[in-house]
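Here it is, the structure in full.
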Amino acid sequence: MILGIGFDLVEIERVSRIYKRSPRILQTFLTNKEKVYFDQIMNEHRKFEWLSGRFSAKEAAIKAISSGLGILIKFTDIEILYDELGRPTICLTDEIQSKLLFRVNWNLSITHTKTTAGAFVIIEKIL
């Protein structure tokens with residue numbers, strides 16, 4: 001059963017400008033594991049493409065969870081990691097996970113063009 005759907009689209013150049021103006025923005029946006037990964041990316045365009053994808057994915061997740069489940073959530077409550085096949089997956093903090101009254105499955109798709117990053121999230125109740 002689908003509980004929530006979220007979508008977001010962001011221009012990579014906009015995210016790049018925000019970061020260059022205030023690099024500390026990462027503290028309110030990325031988890032520690034995500035910051036480590038971000039710092040390891042050497043190619044500047046790829047770095048901001050990745051960051052834009054994460055921003056878009058977290059925005060889409062927030063839209064899905066707040067519209068579908070009515071839970072308020074911050075960017076750092078969400079961590080986008082990779083599964084064993086290299087697919088991006090959504091992990092929530094224990095605090096947010098404890099607010100869910102049932103188990104859910106997160107479906108995440110992140111895409112990029114040369115100028116734009118987008119993400120789509122579907123939350124399903126596990127029956």
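The backbone N, Cα and C atoms fix where each Cβ goes, and this holds for glycine too.
According to TrEMBL:
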type: BINDING; residues: ASP8, GLU59; note: Mg(2+) binding site
type: DOMAIN; residues: 4-100; note: domain '4'-phosphopantetheinyl transferase'
Take every residue in the domain '4'-phosphopantetheinyl transferase' (4-100), average their pLDDT values, and give the whole-number result.
93
What is the three-state DSSP composition of the domain '4'-phosphopantetheinyl transferase' (4-100), stated as helix, strand and coil residue counts?
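Taking each residue of the domain '4'-phosphopantetheinyl transferase' (4-100) in turn, the totals are 58 helix, 18 strand, 21 coil.
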Relative to the Cβ of GLU59 (Mg(2+) binding site), which residues of the same chain, six or more apart in sequence, are found under 8 Å away?
GLY6, ASP8, VAL10, ALA119
